[in-house]
Amino acid sequence: MAVQLKWPILGVIIPCIIIFSLSYGSHYFILRHHLTMKQQLIYEFYVTMIWISYLLAIYTNPGRVPKNYKPSLASSTRIEQTEDDSDGLGLESREDETLIREEPISGDRCEWIRYCKKCNNYKPPRSHHCKICQQCVLQMDHHCPWTLNCVGNNNLPHFMRFLGWIIWGTGYLMIQLIKLIINYYENSNMPHYLFNKTELVAIIAITPLNFFVFASILVLFIRCLINICKGMTQIEIWEWERLELQWSSKRLWRLIRFNYGRLHKGKPFPELNTWTNTTNNVNYNDNDDDGDEDVELINLATNNNEDSTIVPQNFTIDDLIFPYNLGIWKNLVNALGYPYMWLIPFGKPKSNGYQPQISQDYKQDDQLNLPWPPDGIRQKEIEINVLQQQGYQRDREEEDEEELRSIRNYQELRRRLDPRLNVQRSDFINDMGEGLTDFGVDEDSD
């Protein structure tokens, strides 16, 4: 779970003290007595790279949305002005999210239009407003208290280099300390006055601290690297965990069906199948007549497939395709740049952060044909205005007892009884106790 500090400046002071103590304390009290000058210079090079990458991770802006940024084909999207924004500077979508892009090459592909009232600008996909940095961050991963900065598209390479150099430096120091500990053990029968007591005390103090830093940073580095290889940020990993836990929730699928009806007006909800089957082709009849929009949207949200249940029976979370996973190699290059730039202090990512590339798998095999996340960003107003009218509150309060009794799998029953099954996106907490606010996301602006 993300650390919340009472005085944020401590998030930078504490790492600086630890880096200074480990690097220069170990060099002065221990290493200078045992390493050659060349080895000492190599060690100090590692320390210097730690400082450089740390400073860059702190001072590099994680990615600010361009002031003139506008979503593609925004002019063709139904947008209404708020009452006090008649000059057009504060455009908001008619709903909380609205269809913005349709890519003719791959069929109906779209993304949510989001407008940040605090930044007075549109939000690109994957961006979020940080409540601490007070800006919208491109491809926001999380707000890091130890850099007093967000980790986003532009400074993710610096952050990963910072972690990498710490692992390399503390790993090198750990090897030298282990050698000295073995040497002390082998000569433990010698008189005590022959040992350098200051050096011995330094080894006893520095070794556990160095191991703790090495192990904790290694775990964080591996976690971040796995996320990068998946093409996902920590926020998107959290989003996936939320969808996975709520996959059998009627509330989730009412939202998905409502969003589908809102974005693909006049088209019935598709028949969803597992990846082992072929999705049935559905003939879509375009309906240009707006009519009574609210009534039509409610009907599309609930009555597209009257013969089927709200929750698809042959469609699992494994059949859901994340739109920005381009494959391990492309994900690494987009996030960190080409390999020759990975160790360069000023290496930059290939992606610009506000025009994310869509994977071919998503274009070809996605069945829901909805933006990410499929149940939408803001859900409170939709639930109040639509879902409760269609019996969501009854489903939530009176769970189907016969269905629960028929479940024999303990893990499945435990998941179905999880109180997080029907909570809103803003209230969801994953197994590590993390919510959106723990990543620094401003929920009021998201």
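Using N, Cα and C of the backbone, Cβ positions are placed for all residues, glycine too.
Residues or ranges marked as topological domain 'Cytoplasmic' by Swiss-Prot on the basis of sequence analysis: 1-8 (among others). Each residue in the topological domain 'Cytoplasmic' (1-8) has a pLDDT score, and their mean in this model is 74.
Annotation source Swiss-Prot lists transmembrane segment at 9-29 (among others). Listed as Cβ neighbours of the transmembrane segment (9-29) (distance under 8 Å, sequence separation of 6 or more from its ends, same chain) are residues 3, 40, 43-44, 47, 50-51, 54, 58, 144-148, 166, 169-170, 173, 177, 198-199, 202, 206, 209-210, 213.
The topological domain 'Lumenal' annotation in Swiss-Prot covers 30-40 (among others). With DSSP states grouped into helix (H, G, I), strand (E, B) and coil, the topological domain 'Lumenal' (30-40) comes out at 7 helix, 0 strand, 4 coil.
What Swiss-Prot lists as transmembrane segment is 41-61 (among others), and the listing cites sequence analysis.
Feature annotation from Swiss-Prot assigns topological domain 'Cytoplasmic' to 62-161 (among others); the stated evidence is sequence analysis.
Residues or ranges marked as domain 'DHHC' by Swiss-Prot: 114-164. With DSSP states grouped into helix (H, G, I), strand (E, B) and coil, the domain 'DHHC' (114-164) comes out at 9 helix, 18 strand, 24 coil.
Residues or ranges marked as active site, S-palmitoyl cysteine intermediate by Swiss-Prot: CYS144. Proximity of CYS144 (active site, S-palmitoyl cysteine intermediate) to non-local residues of its own chain (separation of 6 or more, Cβ distance below 8 Å) is seen for GLY11, ALA57, CYS150, VAL151, PHE159, given in sequence order.
Among the features that Swiss-Prot reports, transmembrane segment is placed at 162-182 (among others).
Sequence annotations record features per position, and here Swiss-Prot assigns topological domain 'Lumenal' to 183-201 (among others) based on sequence analysis.
Per Swiss-Prot, the feature transmembrane segment maps to 202-222 (among others).
Here Swiss-Prot flags 223-446 (among others) as topological domain 'Cytoplasmic'.
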Who are the chain neighbours of the topological domain 'Lumenal' (183-201) in space, where the CB to CB distance is under 8 Å and they lie at least 6 residues beyond its ends? 29-30, 33
What does the DSSP secondary structure composition of the topological domain 'Lumenal' (183-201) look like, as residue counts for helix, strand and coil? 12 helix, 0 strand, 7 coil
Cβ under 8 Å to the topological domain 'Lumenal' (30-40), counting only same-chain residues 6 or more beyond its ends: which ones? 173, 176-177, 180, 196, 199, 202-203, 206
